[in-house]
Amino acid sequence: MGQLQERFRAFINNRWLVFVAAMWIQSCAGIGYLFGSISPVIKSNLNYNQRQIARLGVAKDLGDSVGFFAGSLCEILPLWAGLLVGALKNFIGYGSVWLVVTGRLPILPLWAVSISTLGFPFLLSIFFYLMRDDFVNLVLYPLILEKLDYHNMCVLIFVGTNGETYFNTVALVSCVQNFPKSRGPVVGILKGFAGLGGAILTQIYAMIHAPDHASLIFMIAVAPTMVVIAFMFIVRPVAGHRQVRQTDAMSFTFIYSICLLLAAYLMAVMLVQDLVYVSHTVIIIFTVVLFIILLVPIVIPVSLSFFLDPRGPEEEALLSETPKQESGKSESDVNEVIFSEVEDEKPKEVDLLPASERRKRIAQLQSKLFQAAAEGAVRVKSRRGPRRGEDFTLMQALIKADFWLIFISLLLGSGSGLTVIDNLGQMSQALGYDNTHIFVSMISIWNFLGRVGGGYFSEVVVRDYAYPRHLAMAVAQFIMIFGHIFLAMGWPGAMYIGTMLIGLGYGAHWAIVPAAASELFGLKNFGVLYNFITMANPAGGLLFSGLIASNIYDHEAEKQAHQHLHWEQKSGSFFSSMLGLDDPPKCEGSICFFLTLVIMAAFCLVASILSMILVYRTKIVYKNLYGKSSQARVS
């Protein structure tokens, strides 16, 4: 009995259990990708036009990207408290949106919505709704809350989506600390599950089989909250057991296999449900199998804790690889550090030499400079700032051209992809598709594969060829050009090909940019730098969706509405045409987004060129960082 308790205690404190629980939480952290599914019902129920829907999308993007609050709060509070705050914000924000969209509650005043992050107005509003009588319904509500205001809806969408940043922060911080030697696979898998969350939640919604499309908003408010609260005490850094083990490689391979199986299964299920009529019983079976696949990774911590002999703390300390240099530079990196005078004096051909010969030539040049400085022949000048590959502060990075090349390239590339994701509902409806959820699910799956594949291929580029990681980014942005063109043409089946290409390219951005930023600007202030860079995502959404796509869509919709009204008047159906004047105009056909998609394709070409410029500027940096490992692989 005592041995069983010891095994169970080892299971609770197993870092792989933390990782698996973080994967499950991250599968609920992709609710922002479902905006394309819920925006049509918001638009129709609240009589919003496309410009207002686009601004709601920008509010969603801001909520998904502004992680300063989550990072700061998680440094003060325990990590479980950070998860709880994120769950409450998700429940309050999207719960309020559901009540408003379904007409169960008039929207709160802006000051009350702002305070709603604490939950009190939301709960109070539900109380009034449940307890209201005719006086409250007919007199008190009209006096206090006269009219719906979509600016308040923007605040609610922001609050609800901002809960994701708490899920991301806690999951990444916990798992990176538990796996300090495997940061790349850990971050790639967790971010991949965040991208796959939209497809998982959509399949669960299909199983519920609710006739009211607004019930998807209710599920978004409730499901992530329940999952996060269930695992909030499990996801945390665990003491010890952080060294690399022989079983780690096999465990990560198993997790990667599950990820690919999950993506392939979801893709097959979505295509079957879209192309062939399936009964509700079959949909339930599909969803049950999905849950089983999601639960399979739990076998790793179970087998390590109950079926393999756990190592004690003394054995852990004797493992060959110890985390002595987690936060500092490796020995090979230290050997590459040189004085600015050496950088100025060395010939350019030195950088093209093998690593051992290059270090020998640099050491000779250093010794000459030391001797000259001691004799007073030269004066060793002080460094004005860090060089590429060293630790930068945010202010130091902001004056570097490389930083802004990354930022603008991300703004144009991911911003155009985000615009497609946010407007998938309207795009599919304009092309005559009834089931808009299938495309939201598909782009979520391709987004996941883009993150996994982008991280893998960019790692091949830097490890095997010592070439800058942004080469893979330029390829991804070039692929997105064809995705935008396919969607713009509106050919039969173009929605399927377009969502695939754009999903792959968009997902690759979020596997490549964090790694490239850490390599060029260091890890010491990586959190601040990464949070600033991610602001390019909502900025791109505001540019393409809020300013370009919405205005062009409304212009085309009004043009079609006027043509339809003119035709009705000529045919004598004047009064029937007057009945639809209060409804927001809808656009039909590929013309609705044609110009927007062509513009975004052109900007993706610009983004790809900027990435190639960054590749040219940083070739020497990656040669110094990875030249030794690439030559070892070749030999």
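Including glycine, each Cβ sits where the backbone N, Cα and C put it.
What TrEMBL records for 15-116, 145-302 is domain 'Nodulin-like'. Annotation source TrEMBL lists transmembrane segment at 16-36, 79-101, 108-130, 150-176, 188-208, 214-239, 251-271, 283-308, 438-458, 470-489, 528-549, 593-616 (among others). Sequence annotations record features per position, and here TrEMBL assigns domain 'NFD4 C-terminal' to 397-560.
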Number of helical, extended and coil residues in the domain 'Nodulin-like' (15-116), per DSSP: 83 helix, 0 strand, 19 coil
Cβ pairs under 8 Å between the transmembrane segment (470-489) and the transmembrane segment (528-549), at least three: no
Integer mean pLDDT for the domain 'Nodulin-like' (145-302): 82
